Amino acid sequence: MPVEEFVAGWISGALGLVLGHPFDTVKVRLQTQTTYRGIVDCMVKIYRHESLLGFFKGMSFPIASIAVVNSVLFGVYSNTLLVLTATSHQERRAQPPSYMHIFLAGCTGGFLQAYCLAPFDLIKVRLQNQTEPRAQPGSPPPRYQGPVHCAASIFREEGPRGLFRGAWALTLRDTPTVGIYFITYEGLCRQYTPEGQNPSSATVLVAGGFAGIASWVAATPLDMIKSRMQMDGLRRRVYQGMLDCMVSSIRQEGLGVFFRGVTINSARAFPVNAVTFLSYEYLLRWWG
């Protein structure tokens, strides 16, 4: 099993994470809290009360875990295609796989990624939702002192299953949308690349960016449910399950609640995934 795809996925994912985490923090706040009037209001309040560092809450743990999560995504995707088509990454330009194979490989990568991602994503969301202002004399300390303390607190207060809160919604989110992600990327690359050649840097950037947007527009409704399920149980249980969360959210906030965060998701998705795919492609070409 080639390991280059796993290593390239790790490095490219880390670059994309650093670029996109501030957008992700705003998105999570908009989905789980009703105190903000919109994206700009959320950004202003985060900066005013928590300083610039507020946008990077919860990032240290994803940086540490991205080695596992993105390696699984890109590694499983590429190696599933290897099994389905008997072609390596470089050979696929001359012998492009079918879109069905691409979709199946993407869904496989998304499904396995979700199980690796679930505990890390839960901790990230909990830390991002800490709205305490920057440290001042006499101010109360935040509930969680950091990712390790957060993980230990969840385990102690909610049990081992608590670390996988929202995992079912995460799996339903990632399995089909990662298939969409790779189909969009490959389709755009093929459209604007001469047959048998590698796509140009500009093509990779544009294809990666639009692949990110397409997948996140499809993912946003379940992403909202996932975020709310992850915050459920922090103080008291509100939802009986994913279906109850969906029904309660519609009843209280209307159908529009499912697309809360879609604008910030799209704004984040283009640059993050453009950089992710560009670094991924160039690392694999460099390794030959």
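For all residues, glycine too, the Cβ spot is worked out from N, Cα and C.
Swiss-Prot lists 1-83 with the feature repeat 'Solcar 1'. In terms of DSSP helix, strand and coil, the repeat 'Solcar 1' (1-83) has 70 helix, 0 strand, 13 coil.
Averaged across the repeat 'Solcar 2' (97-191), the predicted model reaches a pLDDT of 89. The repeat 'Solcar 2' annotation in Swiss-Prot covers 97-191.
Secondary structure of the repeat 'Solcar 3' (199-286) per DSSP, as helix, strand and coil residue counts: 73 helix, 0 strand, 15 coil. Sequence annotations record features per position, and here Swiss-Prot assigns repeat 'Solcar 3' to 199-286.
Feature annotation from Swiss-Prot assigns transmembrane segment to 6-26 (among others).
Swiss-Prot lists 63-83 (among others) with the feature transmembrane segment, giving sequence analysis as the kind of evidence.
Taken from Swiss-Prot, the feature transmembrane segment applies to 100-120 (among others), supported by sequence analysis. Long-range contacts of the transmembrane segment (100-120) within its own chain (CB-CB distance under 8 A, at least 6 residues past either end) are made by residues 61-62, 65, 68-70, 72-78, 80-81, 84-85, 151, 163-164, 166-167, 170-171, 173-183, 186.
Annotation source Swiss-Prot lists transmembrane segment at 166-186 (among others), citing sequence analysis.
Residues annotated as transmembrane segment in Swiss-Prot, with sequence analysis given as evidence: 202-222 (among others).
Among the features that Swiss-Prot reports, transmembrane segment is placed at 266-286 (among others), with the record citing sequence analysis. Same-chain residues lying 6 or more positions outside the transmembrane segment (266-286) and placing a CB less than 8 Å from one of its CB atoms are 4-5, 7-9, 11-13, 15-17, 19-20, 23-24, 27, 74, 89-90, 181, 185, 198-199, 201, 204-213, 215-217.
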Spatial neighbours of the transmembrane segment (166-186) far in sequence, C-beta under 8 Å, 6+ residues away: 73, 77, 96, 99, 102-107, 109-111, 113-115, 117-118, 121-122, 125, 207-208, 210-212, 214-216, 218-219, 222-223, 225-227, 229-230, 242, 273, 277
Chain residues outside the transmembrane segment (6-26) and at least six past its termini with a C-beta under 8 angstroms from it: 39, 42-43, 46, 54-59, 62-63, 66-67, 69-75, 128, 264-265, 267-269, 271-273, 275-280, 283-284, 287
For the transmembrane segment (63-83), distant same-chain residues with Cβ under 8 A (at least six beyond the ends): 1-3, 5-10, 12-14, 17-18, 89, 92, 97, 101-102, 104-106, 108-110, 112-113, 116-117, 120, 147, 178, 182, 280
